[in-house]
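Input: a single structure, listed below in structure tokens.
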Amino acid sequence: MHDLPAGYDFRTYERWFLDFTQGYLQGSDFDTANIRIKINHTLRVLGFARQITKNLDLTPVLQEMAHLAALFHDIGRFPQYARYKTYNDKVSVNHATEGVRTMKQHGVLAGFPPQSQHLILGAIALHNRRFLPNQLPVKVRLLTQIVRDADKLDIFAVMLAHFDPRIPYNKVVNLELKPDPDNYTPAILEKVQARQSVNYQHLTWVNDFKLMLCSWLYDLNYPVSQGIAREKGYLDKLLEYLPKTPEFEHLGRQLRQTLQDDLDR
């Protein structure tokens, strides 16, 4: 049975998160700034998760578990950065797997029944997968999809801020991709045009990252998530930072039309 511990208070876990991450605010100004980016990202993801769950027909227990999964979804980023000075999983460690290891090491969910621990840790473990497994328990899929949507909604905002040419290039946030304003990988543009998923491992240029984010707009699971992305104008802002060429103008028209068609269904 999925349940919460006796005397459960979400604020206890929020305080634990803040205390835990405070320990990583050390080193150079550059390092502490990169850690703060992830702390602030997590708290905003939690906010988006709350917006999403408010619009879904969930039990109070499942709501709380979704919020906990959102709070801890990136807990592995902190030991990852401390050890490798990067957020690029390709050259370091899978941060979701590291997150589950960290949660278990510190016994964060020790008071929860085993089934509840499995559900929350499952969402953390799966939140960064390119594709979710077909055979996945319904509640694990539900929590994972909530976290994935909330995560994407904030990553759009974080990356748009760093794509601004007036902002100094941050190699950590941009996953060490090449910051050329005109270059991109044609195969990635083709994937986005075909509504196919883009693999992080295949990114070379910062423009490839922007294209991948465009593809994420197809991949939001819930109408409330799609509505938030639309209200915040993420698509138009992404297109602003892509090259002004016929290929990208065509992509912009295609994305707008396809997303409108999805909305009208």
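Every residue, even glycine, has its Cβ placed from backbone N, Cα and C.
Sequence annotations record features per position, and here TrEMBL assigns domain 'HD' to 38-156.
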*Quick one: DSSP breakdown of the domain 'HD' (38-156) into helix, strand and coil?*
84 helix, 0 strand, 35 coil
*Grab the pLDDT values for the domain 'HD' (38-156) and give me their mean, rounded.*
98
